[in-house]
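To start, the structure under review is shown below, and the notes come after it.
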Amino acid sequence: MKRIAVLTSGGDAPGMNAAIRAVVRQAISEGMEVFGIYDGYAGMVAGEIHPLDAASVGDIISRGGTFLHSARYPEFAQLEGQLKGIEQLKKHGIEGVVVIGGDGSYHGAMRLTEHGFPAIGLPGTIDNDIVGTDFTIGFDTAVTTAMDAIDKIRDTSSSHRRTFVIEVMGRNAGDIALWAGIATGADEIIIPEAGFKMEDIVASIKAGYECGKKHNIIVLAEGVMSAAEFGQKLKEAGDISDLRVTELGHIQRGGSPTPRDRVLASRMGAHAVKLLKEGIGGVAVGIRNEKMVENPILGTAEEGALFSLTAEGKIVVNNPHEADIELSSLNKSLS
């Protein structure tokens, strides 16, 4: 394989630029030409495919977002869109593609492989909801950003003896909420993978204030409900008068990636190029126990249960991290 391309698709994530940089420089070191596909699958169909060299990716390892830009393009799920994209790949002599994104992006990579273009998927999403990898590119930065914000909110919460409901991203996965909540000593962590009773939360809040607590921090995963809705239900369930809600929003998707995300993205990008050089396609790169692994995209792109609840009341984290966390610890003070 002499000529490959790289694209980013779906929601952006810190560390995508580091992955692109690794793909480009590893490919050059292997004697391959590299092209960047701008604006994801939409750019592929439009022919926005341009050569990249080592200088093209200089000084981007520390930048958030993706300099190739990203776009959602549902039309690529249809055969017509796929054939248009493949026509452009052939026109530019592309023999393999590295796709950086989430599960929707993986479906596109799977279709390319089925049409004879080996594609490698790299897990680029802050949600950490990709099966087959302990961590995704961008997750660590998103958790760090959320942690910093929650720490600041705790300061003002303590000043006024307030209860704060802080909504974090994650789509249908509770990983950001779980990690950021534990890291900040949140009083409650509400995630889609575990049930909760509003009356228990009300009782916990009141008991805390009676014991002299100066604040109450509730970290809420967006996959459960919005902070506004949760706050309203909390007020209806009990007399919680001094309550504020905050949605951290897209701040979690931006910013300079953490060292962990930069290194993870670099390792994954280089590994993807090595696979393409061997003619391997249709797989997604992951990290398990700090080692690079490959999984069939077909299984990786399909949504799987990240958590399961045992009869003993424990959350077993099937993916992305190996751990048992008692359900009770999520519904009582961790501070």
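Note: Cβ is positioned from N, Cα and C throughout, glycine not excepted.
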Residue among Arg3, Arg154, Arg171, Arg244 sharing the ADP site, where Swiss-Prot lists Arg21, Ala22, Val23, Val24, Arg25, Gly185, Ala186, Asp187, Lys213, Lys214, His215 as binders:
Arg154
Co-listed ATP-binding residue [Swiss-Prot; alongside Arg72, Tyr73, Gly102, Asp103, Gly104, Ser105] among Gly11, Gly170, Gly174, Gly181:
Gly11
Express in Å, rounded to the nearest integer, the largest CA to CA distance found among the substrate-binding residues Thr125, Ile126, Asp127, Arg162, Met169, Gly170, Arg171, Glu222, Arg244, His250, Ile251, Gln252, Arg253 named in the record.
33
Out of Arg25, Gly185, Asp187, Lys214, Arg253, point to the one nearest Ser105 (ATP binding site) in space (Cα versus Cα); all of them are binding-site residues in the record.
Arg253
Between the Cα atoms of Asp187 (ADP binding site) and Gly102 (ATP binding site), find the distance and write it as a whole number of Å.
31
Just checking the binding-site residues Gly185, Lys214, Arg253: which sit within 10 A of Gly102 (ATP binding site), CA to CA?
none
